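Here the structure is laid out as structure tokens; the discussion comes afterwards.
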């Protein structure tokens with residue numbers, strides 16, 4: 001039976017790298033995969049998914065209006081898929097997570113989702129909350145805080161490096177905008 005997996009972590013834990021390695025493992029064995037990432041995250045440029053260590057791959061892009069069940073099942077009818085991999089899964093809508101569960105349950109295709117658990121204020125993203133609720137398997141990937149502890153929080157910083165305490169939930173950026181911290185150092189930086 002195929003499953004819905006959620007690999008979650010803070011920034012800089014290697015989520016995209018893990019996704020690209022899993023994709024390579026399937027393709028190396030001659031199996032077809034389908035990669036997805038959020039349309040609003042354009043940091044990869046030409047390559048829709050790109051890791052900090054330089055690996056990258058083309059991917060389909062989803063937005064709030066994408067019917068993932070329809071798009072994936074249509075592709076599967078043309079060429080059987082062995083796996084669907086979704087990067088930036090925190091940006092999925094709740095109904096899209098249920099569509100991915102249907103891909104696993106009805107089409108029998110494993111779905112591997114990778115994303116952040118929480119935003120810069122420690123709040124769950126809609127997609128992450130839905131995945132934490134219904135995924136068959138939850139796998140935490142580890143990042144490291146500057147103190148050596150496990151980093152579980154994402155601190156947003158401004159141009160001078162000061163903690164940002166308010167703002168939109170979604171602001172695309174990498175190491176220049178976010179710092180992965182343990183809860184203790186996140187709390188200190190946020191003045192809590």
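Note: Cβ is positioned from N, Cα and C throughout, glycine not excepted.
Now, the feature entries from Swiss-Prot:
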- 9, 10, 11, 12, 13, 14, 15, 16, 87, 88, 89, 90: ATP binding site (BINDING)
- 88: active site, proton acceptor (ACT_SITE)
- 145, 147, 182, 185: Zn(2+) binding site (BINDING)
For the ATP binding residues given in the record (9, 10, 11, 12, 13, 14, 15, 16, 87, 88, 89, 90), what is the largest pairwise C-alpha separation in angstrom?
-> 15
Work through the binding-site residues one by one (145, 147, 185) and name whichever has its CA nearest to the CA of residue 89 (ATP binding site).
-> 145
CB-centroid shell, 8 A cutoff, Zn(2+) site 145, 147, 182, 185, site residues removed | 146, 148, 149, 151, 181, 183, 184, 186
Close in space, distant in sequence - residue 15 (ATP binding site), Cβ under 8 Å, 6 or more apart = 7, 8, 9, 87, 114, 115, 141
Residue 145 (Zn(2+) binding site) sits from residue 11 (ATP binding site) (Cα to Cα, rounded, in Å) at a distance of 10
Going by C-alpha positions, which of the recorded positions (88, 147, 185) is nearest residue 13 (ATP binding site)?
-> 88
From the Cα of residue 88 (active site, proton acceptor) across to the Cα of residue 145 (Zn(2+) binding site), what is the distance in angstrom?
-> 21
Using a 10 Å cut-off, grab the number of neighbouring Cβ atoms around the Cβ of residue 182 (Zn(2+) binding site), all chains included.
-> 20
Its Cβ having more other Cβ atoms within 10 Å than any other among the binding-site residues 11, 145, the winner is 11
Rounded inter-Cα distance in Å - residue 147 (Zn(2+) binding site), residue 88 (active site, proton acceptor) | 26
